[in-house]
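Here's what Swiss-Prot has on this protein:
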BINDING   Gly30, Arg31, Asn32, Ala33, Gln34, Gly35, Lys36, Thr37  ATP binding site
Amino acid sequence: MWLEKIDIQHFRNYSEASVSFSPHLNIFLGRNAQGKTNILEAIYFLALTRSHRTHLDKELIQFQQNSLKLNGIVHRHSGNLPLEINLSNKGRVTKVNYLKQAKLSDYIGHMTVVLFAPEDLQLVKGSPSLRRKFIDIDLGQIKPVYLSDLSNYNHVLKQRNAYLKSTDKVDINFLSVLDEQLADFGARVIKHRLEFIKQLEEEADGHHSILSNQIERLKISYESNIPIQNSKDIREAFLTILNQNHKRDIFKKNTGVGPHRDDLKFYINDMNASFGSQGQQRSLILSLKMAEIALIKKVTEEFPILLLDDVMSELDNHRQLKLLESIDEEVQTFMTTTSLDHLSNLPPNLKTFLVKNGTIYEKQVD
């Protein structure tokens, strides 16, 4: 798939912009704080209805404006597909082929994206919430039912926590009813995640082996606070530990176990990657991104759109070369950079844009 064009209204520092893209490589050039990253963020937001930089929607709407609007035309094997998203203080309105979508899971997946940004380098050593977000975004794009199960789980979790906070005299029978619902959706969420991690590990290990000249093997472990013997027993194991934690949850007034507290661990040659060198960690992240592309292609039979936000400056020449070599010519790629000097072997069928003060100019590469 590829994004033919995007129309932007009141997004970040853009009042209005309309840009047509190459189906291959698109490079946004400009000094810092001109709006290069905002373009990639707009594409990401059009695909996923969320930002990778902030969880506050109001930060996305241009200063002194009340709403933003993004329109795009995506080319897929099945034909051209118009996408639209409107954001205001009343919430989001999403449309596919001009038809309003009732649920988030109905919208996400029509345009798949893989983002590689400098903050991704924190995936290994950062907080567990970053790794859960990584799973949710990738898995949600290839398996819409996961988003539905996750949404239902979070809804029941919110109910359970609100009830625990609302009273000092907890009705154990009512709490047990919530436990049953939480275990139903939580078990589904964990099963989806386990299947995804297994597939991701297979793809990422192969890429990491190539990057390390066949020296290193990559493993990914899903770390749950629920003892998982096999996928059939997850619900019962979750229910058991919820029951065992009743006293703790009543005292703390929150839910201490469940997939909302799970984590990922990465291992390089059986060593926790958080103790690895910076070079090893960068190779690991690069391997994950390559694996994301391959996995989305395998499941959806179409390549995702690749967003590279100023990551070339974070990679040495060897990793830059491996990244560029790994990008299939069918993958539409968007890249931001302050200079083309450090980039070599660029394809002839690219488009280059100069970004200055929230305005985008198409330019010719010398």
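Note: Cβ is positioned from N, Cα and C throughout, glycine not excepted.
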Review point. Does DSSP put Asn32 (ATP binding site) in a helix, in a strand, or in coil?
Key: coil
Practice item. For Thr37 (ATP binding site), just give me the three-state DSSP call. Key: helix
**Study point:** Cβ within 8 Å of the mean position of the Cβ atoms of Gly30, Arg31, Asn32, Ala33, Gln34, Gly35, Lys36, Thr37: remaining residues of the chain near ATP
**Key:** Thr336, Thr338, Val355
Review point. Taking the binding-site residues one at a time (Arg31, Lys36), which has its Cβ surrounded by the most other Cβ atoms within 10 Å?
Key: Lys36
Study note, to complete from the structure: If you rank the binding-site residues Asn32, Gln34, Thr37 by how many other Cβ atoms lie within 10 Å of their Cβ, the lowest count goes to Asn32
